[in-house]
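If you check TrEMBL, you get these features:
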- ILE6, GLY7, THR8, GLY9, SER10, MET11: NADP(+) binding site (BINDING)
- ASN56: NADPH binding site (BINDING)
- 2-97: domain 'Pyrroline-5-carboxylate reductase catalytic N-terminal' (DOMAIN)
- 159-262: domain 'Pyrroline-5-carboxylate reductase dimerisation' (DOMAIN)
Amino acid sequence: MKVAFIGTGSMGSLLIEAFLRSGALHPHNIHVSNRSSHKSELLARRHPGISVSGSNADVARGSHIVFLCVKPLDYPVVLSEIREAVSEKTIIVSITSPVQIEVLEQQLPAKIAKIIPSVTHSVHSGASLCIYGDRIQSEDRLLLEQLMSSISIPTIISENQVRIASDISSCGPAFISFILQQWAKSAAVNTDISEQNALRLGAEMLLGTGKLLTEGGFTPEELQRRVAVPGGVTAEGITVLSSSLQGVFSSLIRATHDKYDEDLNKLSHLFPVDSSN
């Protein structure tokens with residue numbers, strides 16, 4: 001099976017490396033192109049057998065699956081370059097949340113899916129968000145979910161859930177690590193622990209908490225009750241958090257959704273949707 005990756009930047013390279021480490025793909029399966037050939041050539045040197053081309057059309061032509069790993073505003077050029085190189089049998093996977101499936105189906109004759117990945121896939125963890133266009137058949141879904149399950153937990157969502165689901169699964173690692181960083185800094189300033197040790201303890205705590213919420217079957221509320229004894233230290237901390245965090249996540253959601261709407265508006269001028277279809 002030939003799998004093409006158009007764009008070998010941060011997320012494109014991460015996906016390729018993760019698929020290779022998992023054994024789901026082998027170098028000879030992978031064909032890549034990038035605006036700058038340097039990144040693609042580095043990948044090929046690390047993994048002999050990867051095919052590199054300077055032409056997006058060349059890597060797309062004959063590929064069973066084509067991952068589009070480029071920035072939203074780069075889509076018009078990329079789609080125009082591959083339009084004649086793909087067919088109704090090609091599976092196009094966009095990893096960019098603002099580019100709508102309806103737009104891609106108007107621009108290309110191919111089967112369209114949107115899969116939003118996460119940096120956590122580099123350690124074969126986290127959820128991948130899967131949205132399918134009308135042309136995707138059951139066997140196509142099975143193929144994509146088998147591939148993604150080698151590095152993640154494929155999770156099917158609707159397109160109108162993309163932004164909030166991405167906030168949690170894809171942006172979440174940055175949000176949570178920022179909170180941990182601030183916690184560790186405050187711990188180092190206010191106590192005798194070093195920031196490095198606080199971060200190490202926090203990272204192990206996050207790993208264990210994630211396992212309790214997944215493998216352990218705890219809900220967040222159950223876990224809080226298990227740890228926070230009434231009148232104890234943890235309960236005091238929960239009280240502070242309840243007061244201080246009120247409204248924080250609503251503001252976060254508004255900010256990310258406002259930015260998403262801004263991106264959608266920019267793309268609407270590049271890809272006017274044909275309402276007659």
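Keep in mind that glycine also has a Cβ here, set from the backbone N, Cα and C atoms.
Cβ neighbour counts within 10 Å, taken over all protein chains shown, single out ILE6 as the most crowded of the binding-site residues ILE6, MET11. Summary for the binding-site residues GLY7, GLY9: the Cβ-based neighbour count within 10 Å is maximal at GLY7.
Just so you know, of the binding-site residues THR8, SER10, ASN56, the Cβ with the fewest other Cβ atoms around it within 10 Å is the one at SER10. The distance from the Cα of THR8 (NADP(+) binding site) to the Cα of ASN56 (NADPH binding site) comes to 12 Å. Take the mean position of the Cβ atoms of ILE6, GLY7, THR8, GLY9, SER10, MET11, the recorded NADP(+) site; other residues of that chain with a Cβ within 8 Å of it are PHE5, GLY12, SER13, ASN34, LYS39, CYS69, VAL70.
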